[in-house]
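To start, the structure under review is shown below, and the notes come after it.
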Amino acid sequence: MSQAPSYKRILLKLSGEALMGDDNYGINRSTIEQIVGQIKEVVELGVQVGIVIGGGNIFRGVSSAASGMDRATADYMGMMATVMNALALKDAMGKVGLIARVQSALTMQQIAEPYVRGKAMQYLEEGKVVIFGAGTGNPFFTTDTAAALRGMEMNVDIMLKATKVDGVYTDDPKKNPDAVRYQTLTFDEAIGRNLKVMDATAFALCRDQHLNIKVFSIFKQGALKRVVLGEDEGTLVHC
Ligand code: UDP
């Protein structure tokens, strides 16, 4: 029996590091294929998918050169790195028959469409995956904040933050075997317990606009689909 998804439209936040796999930097082919495979599973359930991708995997390679650089210039480089990841993701999606569009917050018209809210909404309604590149387009921000903003603008039902760990734990599960995963947490509990779900700006935006966040591991096979089907996977941070 096929199950109905719990969400009609999602915003998936992937950090650049998610694409690295076990490599030290860059994009690992089998890792990106694994991630795209999971995205395909939920698109096939009829879920509309927007993605904000980070740039840490690419920018790390130049970060030593960037140290001592003007912060805004380094941040623009970081945003360009996210566009590279967005293009790689789109390419990998095309190979498995998913139709994706890249919209960039910085104008790069030869390689990506500019971000236009109405157009992005239309693509989502058509079942196309929309990958939002270049973060917010502003230095001094992060792609977590971009994910919160785009998620709100796209009226998504939930923000899914993909991490290496399968949720938020009472302690670092790698160091403490007794650490327990929270199934759910309120925004206030996360703040009170000093649990870093995402950066403070992004977190405050989600809390204020009542955009719930699910933290889960993209490296766990089938986890994205289980999240979308409302199964016990990851940690839900809610109002
Ligand atoms: N960045 C920025 N403004 C944004 C989003 C990103 O200036 O709105 C820059 C910033 O330098 C950041 C880099 O792009 O370090 C990559 O983004 P992020 O660190 O969020 O990527 P992730 O760690 O998720 O891979």
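Yeah, the Cβs are placed from backbone N, Cα and C, and that goes for glycine too.
The UMP site in TrEMBL is built from Gly55, Thr136, Gly137, Asn138, Pro139, Phe140, Phe141, Thr142, Thr143 plus one of Asp70, Asp75, Asp166, namely Asp75. DSSP assigns Lys13 (ATP binding site) to a strand segment in the three-state reduction.
Ligand 1 lies under 6 Å from the Cβ of the following binding-site residues, listed in sequence order from Lys13, Ser15, Asp172: Ser15. Straight-line distance linking the Cα atoms of Gly56 (ATP binding site) and Thr142 (UMP binding site), rounded to a whole number, equals 11 Å.
Rounded to a whole number, the C-alpha distance linking Phe140 (UMP binding site) with Thr163 (ATP binding site) is 22 angstrom. Counting only same-chain residues six or more apart in sequence, the Cβ atoms lying under 8 angstroms from the Cβ of Thr163 (ATP binding site) belong to Ser15, Ala18, Val215, Phe216, Ser217, Ile218.
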